[in-house]
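Participant: Checked TrEMBL, it gives:
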COMPBIAS  328-349  compositional bias 'Polar residues'
COMPBIAS  350-378  compositional bias 'Basic and acidic residues'
DOMAIN    531-613  domain 'Katanin p80 subunit C-terminal'
REGION    323-407  region 'Disordered'
REPEAT    16-58  repeat 'WD'
REPEAT    59-100  repeat 'WD'
REPEAT    101-142  repeat 'WD'
REPEAT    143-184  repeat 'WD'
REPEAT    185-226  repeat 'WD'
Amino acid sequence: MALTSTTITSWKLQEIVAHSSNVSSLVLGKSSGRLLATGGEDCRVNIWAVSKPNCIMSLTGHTSPVECIQFNSSEERVVAGSQSGSLRLWDLEAAKILRTLMGHKASICSLDFHPMGEYLASGSVDSNIKLWDVRRKGCVFRYKGHTQAVRCLAFSPDGKWLASASDDSTVKLWDLIAGKMITEFTSHTSAVNAVQFHPNEYLLATGSADRTVKLWDLEKFNMIGSSEGETGVVRSILFNPDGSCLYSGSENTLRVYGWEPDRCFDVVHVGWGKVSDLAISNNQMIAVSYSQNNVSWYIVDLNRVKKSGSVIQGLIEDKPIPAPISAMGTTLRRNYERPTTSCTGQEMKQSSEADRRSPEGERRSPSSEDEKEDKESSAEITNPEDYKEIFQPHSVISRTPPKITEPFPAPLDHSFSESVLEKPGPAVKIATPVIDRAGQLKGPITFSTPVQRVEPTVIAAAPRPVAVVTTSVTSPSRPVVTATKPKPSIGIILSTRNEPIGLTAGDFLSHARNANAGVMGDDEALAQIRKGHDTMCVMLTSRYKNLDTVRSVWASGDVKTSLDSAVSMNDLSIVVDILNIINLKPSLWKLDLCTSILPQIEELLQSKYESLLNRNPCDQEFCVRTKVL
């Protein structure tokens, strides 16, 4: 029987029993989207790989339920806060406890690692925020101002600010160097559950139990947008990696928002219940939720989600908003400058030495009591093979090129519908590739778990010629079925070609039913020409905006800073534009420029475009210079 031509938008990947008692907290690794840490009322922290059925590592030491967990940016360390107010920090690669931090008088309910230094922040039910130096094992600063529990913390991308969200309905912005509050946002009317900085611009997003998502300008410190379309409590928010849109997770629903003006591009109904965390990998959203001692993973294919274009819903104070003038808005904001780790750490150190308020006992050298507490903590490796694959030490040099990251395959079903209501189903046996923290494919595994079948949203897909990549899905009652996945039919796109990429002339010609009918109507012709117009406007506007930002830095004469600014935008097209300009004057190349651009050069060399692979004399000189490194 032939498969129907359908593509699903969301599906349930897996459900596991995570702890022997109720799960009390969890977090996804944001860098890879492949690592999960769960905390339970059994006082343990368990580490999992997404799509793998068995726990990799179990961390012990806490004597009360684990209420909050957080990975650092490299996902090599994890910190967990307990109901008693203690913090424990583990090194996952070394499989050992690093620090035990004491100081809070009530349960920990928010944590975040500083992006560039050995610091972390913690928020508690006691309404205090503490900044910890994990190397010195002490609290270097305490921020007071909230009147209720601090539910969420986030450092800015440049590491200079800290945003805190609280049950008191306020969001506060703290200057880490000055050691004081910069401003306070008070427009929410209920507890604020989520806060996140834009990856590039001076923009902050917040989500609240008042069913709104609000955006704040961090130059003028005012609210620039508020979306009123949520049907439930906003539990998690996440910017798209390129900063083009904002995802909001509430009960069973994912919404995609734009701003200036406020608009909702898409609404995806997912049966994930009360979603707890979101991450993005391979243009797929990985979401997790928990109930009692069970944890469930869900996948949303972002290729099937609208992130721009026409607005399907947009409300401000229950009034329809006007159509946007441009796809990305017209406001140009500052981008974050990312200083070196040593610089940021030195500034924070000087500030903490001059202005810190450290209550007695919070800042102290390691004592025998602390050493005893560390000895009572342990990291039990429950699956050595998985541990070695995922937490491969940095000292091991990979002798082969990195493998291409593979997205999670969608399940195959002949009877998908647009309903997202869960229906009982049999155990499903899935052969899934093992993917480590870096997104590298390690080999297939097979697991079997009873799941509640979720019927995701269906979007019809027109058939296209594709290269075959097989993904096997087996069920006890049916044979193996092989699915096809679209891939470019040409490995390398030639630099000399006489036709555009991704366009077929036949798409713009009339499909005559007979020899006499050869003219297409005006409306039909315009509809064909305007296909993808909104998406292209978003891309070009974003590129122009980013290039204008780089140009303003370039005009000051600082080539290194302008190149760093281009790299920080995570847009290879911008990097290519800047490299083309620098190559016009080879004398601009310096070793510090090579250090900044090497990772992007490596990624460009793996491109399918021949024009990026051919080296001109300027590229050869660049390679000669980089050999010095």
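Positions of Cβ are set from backbone N, Cα and C atoms, glycine also.
Each of the listed features needs to be described in terms of its position in the shown structure.
Facilitator: Predicted-model confidence for the domain 'Katanin p80 subunit C-terminal' (531-613) is 79, expressed as mean pLDDT.
Within the chain carrying the repeat 'WD' (59-100), a Cβ under 8 angstroms from the stretch's Cβ atoms is held by residues 24-27, 29-32, 35, 37-47, 106-113, 115, 120, 122, 124, 126, 132, 134, 137, 370, 373-374, 376-381, 387, 391, 393-394, 437, all 6 or more beyond its ends.
Counting residue by residue with DSSP, the repeat 'WD' (143-184) contains 0 helix, 23 strand, 19 coil.
Through the fold, the repeat 'WD' (185-226) approaches residues 148, 151-157, 161, 163-173, 232-239, 241-243, 246, 248, 250, 255, 257, 259-262, 316, 331, 333-336, 568-570 of its own chain, all at least 6 residues removed from its boundaries and within a Cβ separation under 8 Å.
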Participant: Sequence-remote contacts (6 or more beyond its ends) of the repeat 'WD' (143-184), Cβ cut-off under 8 Å?
Facilitator: 109-117, 121-125, 127-131, 190-197, 199-200, 204, 206, 208, 210, 216, 218, 221, 336-339, 344, 347-348, 351-352, 355-356, 568
Participant: Give the residue counts of the repeat 'WD' (16-58) per reduced DSSP state, in the order helix, strand, coil.
Facilitator: 0 helix, 21 strand, 22 coil
